[in-house]
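One structure below.
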Amino acid sequence: MKIELKGRKKAGLRPVKGSKFGAVDEDEQDEESRRHAQAAALKEISSASGKGEASNLLAGPGFGADEQADDGDGDEEDELGKLRQSTKFKSFSAEYKRDQRRKPEEPEDEGDEDAGIGPHSPPENFDKEHEGATFVPAQDVAGKEDDGPDDSDDEDEPLEANQEQKVEEESIPVPVSHEARLSGKFKATVSAIAMDTAGNRFCTGSVDYSVKFWDFGSMNANLTSFTSMEPFGSFPIRSIEFSPTGGKILFAGGSKSARMYDRDGREILVCPHGDMYLHDMSNTKGHAAPLSCAVWQPIDAKTFATSAADGTIRIWDALTESKKHKKIIKLKNRRGKKVSPTAIAYSPDGRTILAGCDDGGLRLYDPGSFLPKTVEDVDDAHGPDVITTSISYSSDGMSALTRTLDDCLRLWDVRRFDSPLSTFDNLPNNSEQTRAAFSGDGKYFATGTSSTSTKKKEGEPGKLVIFDRSTLRAVKTIILEKDSGGVVGLYWHPTINQIVYGTTAGHVHVLYDPLLSSKGILRCISKLVKRKQQAFVDIGVGAIHTPNALPMFRDEHANHGRPINRKRQQEKMREDPILTKKPVMAGGPDAKAIAGSTMASFVARSKAKEEKGWLKEDPREALLKLDEKAKQFGYFTGGDNPRVLATKTLEEEQAEEAERLKKRMPAHRRKKEDA
């Protein structure tokens with residue numbers, strides 16, 4: 001009789017002859033070998049110094065307290081019985097069983113009754129049919145399959161192609177096992193991401209002109225930013241970078257001036273802009289065109305460089321509020337024509353600056369010399385008029401990555417710029433800020449792709465692709481959701497080993513692995529959100545009765561105890577003769593009484609009495625009485641001696657003024673006027 005159970009591989013057990021959980025053949029059970037195995041195992045238990053060493057030996061029912069050793073002669077059986085009764089064996093057995101009960105259950109495999117650690121539950125009536133079976137812990141069962149009992153040694157069967165690829169991807173040490181999306185969506189593409197050296201604080205910038213500040217130490221599970229601002233007003237953000245010390249942040253946008261802020265978002269420095277009408281850019285105190293990039297010198301924390309569309313790279317001093325740059329590098333191709341840098345990067349030692357230009361070329365400069373000179377010049381590095389969107393160096397400074405708008409990613413050896421080490425194509429790129437980054441150890445590098453979907457046609461979604469530097473092939477691809485668009489901003493922190501990327505939909509994501517990453521987002525996701533204290537206490541829904549309230553505020557109730565509605569209350573009030581009585585005017589219906597009922601009428605009436613009743617007098621008659629006095633004393637017309645206001649007309653006065661001016665003229669001019 002042969003019985004085979006599934007689920008052996010995940011439980012970490014290897015079937016042996018006579019095992020309860022493998023192929024069992026009753027005729028081939030070897031009792032002597034079983035006794036030897038038990039005796040050797042119990043000796044190890046008796047000499048074990050901790051629970052961890054004995055737990056593997058106590059994992060099976062063959063070593064349980066309920067299974068008694070067979071009676072027999074010999075020293076081994078006596079020793080076996082003594083060890084079973086020893087206090088150490090019993091304590092180890094009890095501790096192990098207690099730990100097994102505390103372990104959470106894992107999801108079950110198809111055909112398994114228990115996929116947790118330890119033995120699987122056998123079928124019904126299995127113990128009666130196969131008493132005395134034992135098992136041993138497996139040493140390495142990955143990739144093995146069991147087709148039943150076999151006297152020969154177990155041999156590993158070859159894995160299929162897709163299984164080999166899956167196992168290989170799982171073994172790649174890149175932090176992509178977990179993902180968290182931060183709260184607070186931008187209105188447009190997340191174009192720039194930067195993080196300080198320690199990995200505690202980082203900034204994200206967008207094309208919608210805004211910048212958000214994030215702090216892992218103060219964030220909780222809500223994953224919200226602590227402040228935001230618009231450093232350039234109505235200009236998009238193109239570049240963000242922390243200083244080597246992490247105390248200052250450098251921003252570059254669509255304006256002509258770079259700006260520097262501290263970690264809390266307070267402005268420190270604004271670089272001056274130059275005069276766009278000057279032909280020689282060395283005579284201007286700053287850039288005369290919109291900036292494209294701004295980077296810190298990795299060794300000297302007081303020096304940074306900026307590039308712009310005016311064809312120059314300018315080096316600045318961050319400690320002094322200078323009115324002009326320290327040095328300027330004018331970019332030209334081999335034919336002497338001006339080219340504009342679209343992306344720049346300092347080498348890890350800070351001795352050179354690598355610039356990608358709008359003509360598709362790569363140029364390496366030495367900023368330390370008195371007159372910065374070109375070290376390497378490759379005009380056809382990417383192809384004619386191919387724009388470089390980002391440049392990044394590896395930690396050892398031997399390799400560089402360039403991302404371009406021709407849907408390619410190129411890996412270069414900085415010791416030789418004649419041709420790239422490898423070119424990775426079919427990586428869609430629709431943004432001028434798409435980034436590429438190396439891992440902290442320089443063994444891997446990553447970049448994002450744009451979504452090819454349109455409103456009328458559905459294409460490929462955006463992706464985050466990770467490459468192996470040694471094999472020069474893609475080892476991990478993360479496909480974004482349809483509503484996320486493509487990946488533009490990207491930052492791989494070397495210390496905490498976490499990847500932060502931004503999408504065209506305005507979302508910011510963080511990739512991490514609890515086993516490979518440290519601090520960073522791991523400090524936030526475990527923090528509970530504090531409940532906000534309510535300013536008002538909810539005492540429940542119900543009516544509030546005020547029996548001692550004033551009549552106008554008192555609620556009347558019907559016989560059944562319910563409040564009377566408004567309509568019925570008004571009908572009841574109309575039936576009350578006192579409430580419906582029309583109010584009487586003060587003083588009665590007499591007009592004289594009504595006229596004297598107000599303060600204004602009282603004052604008017606009193607004045608009329610003083611003036612002897614002028615209200616009743618005819619105004620025409622009153623004016624005619626004053627006619628004689630007016631003629632005599634000139635109250636209205638001046639009387640007999642009226643005052644003369646003007647003796648001449650306006651035309652006469654103008655003619656006299658012209659004649660007077662004519663007399664004052666010289667004789668020759670007077671003759672001309674007369675002629």
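Each residue, glycine too, has its Cβ placed from N, Cα and C.
Checking the ranges 340-360, 382-402, 571-591, 655-675 against TrEMBL, the region 'Disordered' annotation falls on 655-675. Per-residue pLDDT, averaged along the repeat 'WD' (284-326), amounts to 90 for this model.
The list of residues near the compositional bias 'Basic residues' (661-675) in space but at least 6 beyond its ends in sequence, with Cβ under 8 angstroms from a Cβ of it, is empty.
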